[in-house]
Amino acid sequence: LPFSIPCSLAQPVTPELLVSPISQDGDLGSECPEDRGNWTGRLDFLLSCIGYCVGLGNVWRFPYRAYTNGGGAFLVPYFIMLAICGIPIFFMELSLGQFSSLGPLTVWKISPLFKGVGMGTILIVSLVAIYYNMIIAYVLFYLFASLTSDLPWQHCGNWWNTDLCLDHHVIKAGNATFPANITNTVSPSEEYWSRYVLHIQGSSGIGDPGRIRWNLCLCLLLSWTIVYLCILKGVKSSGKVVYFTATFPYLILVMLLIRGVTLEGAWKGIRFYLTPQFDHLLSSKVWIEAALQIFYSLGVGFGGLLTFASYNTFHQNIYRDTFIVTLGNAITSILAGFAIFSVLGYMSQELGVPVNQVAKAGPGLAFVVYPQAMTMLPLSPFWSFLFFFMLLTLGLDSQFAFMETIVTAVTDEFPYYLRPKKASFSAAICIILFLMGLILTTEGGMYWLVLLDDYSAGFGLMVVVITTCLVVTRVYGMKRFCRDIHMMLGFKPGPYFRACWMVLSPATMMALLVYNIVKYQPSEYGSYRFPTWAEVLGILMGVLSCLMIPVGMVVAVVQEEGTLWERVQQASRPAMDWGPSLEENRTGMYVASLAGSQSPKPLMVHMRRYGGITSYENTAIEVDREMEEEEEEESM
């Protein structure tokens, strides 16, 4: 790797022609690559990407977005935005990570002037990791609460309930009648969530957090402990855990789906979810909502995809993996909608109210509506446990990605000091983020969680993605980027990818950014409106990640020499050691540009190692010939 002591410097150098194939293989294939680590199994990378992308948003955001934006008709803009925005940016991130074998900070050797983009990414991911693990802590709380014969949010009459509590079980048994105005009543599950789990009545607002809820604090500590143990050995440990956390949610989802569609009134909810309303397609809001869903669901811009790809071998087929993950993610979202709305249809029939009165998004769905629906089923604790265990596994592998991104980014930046102590450094990061998240365990913690959710990964993340897209295609150069992919995969991206990277994806992201700014609405939680200082604090979160870009530019320019324009030009060019991390993969312009490089002909290394020229060596020869022809044309 560019950051570790080159193998050729770490021991006496033997003239290249005198090295035997065995000893040469030992030099190139063992010490250097293993210094950073790689995936240990063939499916580790693919399952990690699936686990990262398929998260809580697929269950609690997509179904609600679909039914509020035209039902089945929403799938039209959804798949169009997936093609224009999702798949191309997804493939770009994977390509950058795999080609360089670098994390989100050091990958900006591609153009050191824009290293601030990487700094902005790490800031965003750190803020998201703080509150995302709090959501996992809530899930753990409900998971443990489900280990009873009667769910605690099943009935009224507990110390946390109020006079407004309406128990549908009592009404159904014939001991009471429905009140004339059901909108003024509260379900037992809603009071359990707000008055027992959150104890939000102990806080008057975001400026008055109240006391720490120690049961939530212990759940948060447990969630951070689980995350740390799973990322203890980097991708070697998390790559094995995802074999369970990325696949088991599908088993539970299918079980919930089968149970859901067999309930009375289920088709009422599914019809509500999927009935197409094509007149909605004329509204710009629907297209923006589709793009937002794709953007956040695939996790582009957070650095997780780039980090995972950086642990791949140089010739891993990420082109195939891109389509498997992105289309699999979309299908999962649609399936989750069936599982959710079939149960909501049953629930609306039981309560005698329209589906739209029980349908909610976000935490309201996961911790109020769905738990209430579970109480109406036979064996309700079993189904409740399954649902929250599914949410736990969905959330954990996304959290693995956030933490691996932070740890990889910083250890790649300071490899000599941190890489040998990666486990200790990971523990330090987990402890720091746990302490920063303690405010979320207070009685007013939900207000802080909403603020972080609304602003930490808002317009700042869009600016990061737009800048990345423009730098790769305009500053680094589309032709050069396509040549790099050709060297890596054996073929160049087609017109579809080039058109999206150059025009369609950045333009769509720009439209999203403008829409978010123009349609800005202050945060709120229920009927609570956030004070002005809290809004300013939230906006500063987003602005700070954007400010990292000019700060990085200033640092890069100061480190160069010459006039201001010369410094800018030098800082925008790729660093000398930019390119594939292993010398055997460096051809053309990348030959012998690694520090301490002894071999000017990596193809010789390949031929000695593999006993002949492979298809990838043929590709390398083609790339070299193509570059020579271009140089001749330019000189003429």
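Here the Cβ of each residue, glycine as well, is placed from N, Cα and C on the backbone.
Where the annotation comes from TrEMBL, it is an automatic prediction and has not been curated.
Given the ranges 455-476, 587-608, the record in TrEMBL names 455-476 as transmembrane segment. Bond annotation: of Cys156, Cys217, only Cys156 is listed by TrEMBL as forming a disulfide with Cys165. Between the stretches 45-63, 216-234, TrEMBL puts its transmembrane segment entry on 45-63. 241-258 is the stretch from 241-258, 290-311, 538-558 with the greatest number of Cβ pairs below 8 Å to the transmembrane segment (323-347). Counting Cβ pairs closer than 8 Å and at least 6 residues apart in sequence, the transmembrane segment (496-518) and the transmembrane segment (290-311) reach three or more and so form a contact.
For the transmembrane segment (538-558), same-chain residues at least 6 beyond its ends with a Cβ under 8 Å from one of its own Cβ atoms are 108, 112-121, 123-124, 127, 451-452, 454-456, 458-461, 463-464, 467, 523, 530, 564, 567-568, 571.
Spatially, the transmembrane segment (455-476) is not adjacent to the transmembrane segment (45-63); fewer than three Cβ-Cβ distances between them are under 8 Å for residues at least 6 apart in sequence. Residues Ile50, Tyr52, Cys53, Gly55, Leu56, Gly57, Ala246, Thr332 surround the recorded Na(+) site, their Cβ atoms falling within 8 Å of the Cβ centroid of Gly51, Val54, Asn58, Ser297, Asn329, Leu394, Asp397, Ser398, which are themselves excluded.
A contact between the transmembrane segment (290-311) and the transmembrane segment (423-449) is absent, since fewer than 3 of their C-beta pairs, 6 or more residues apart, lie under 8 Å. For the pair Cys156 (disulfide bond) and Leu394 (Na(+) binding site), the C-alpha distance works out to 31 angstrom. Around the Cβ of Cys165 (disulfide bond), 19 further Cβ atoms fall within 10 Å across all displayed protein chains.
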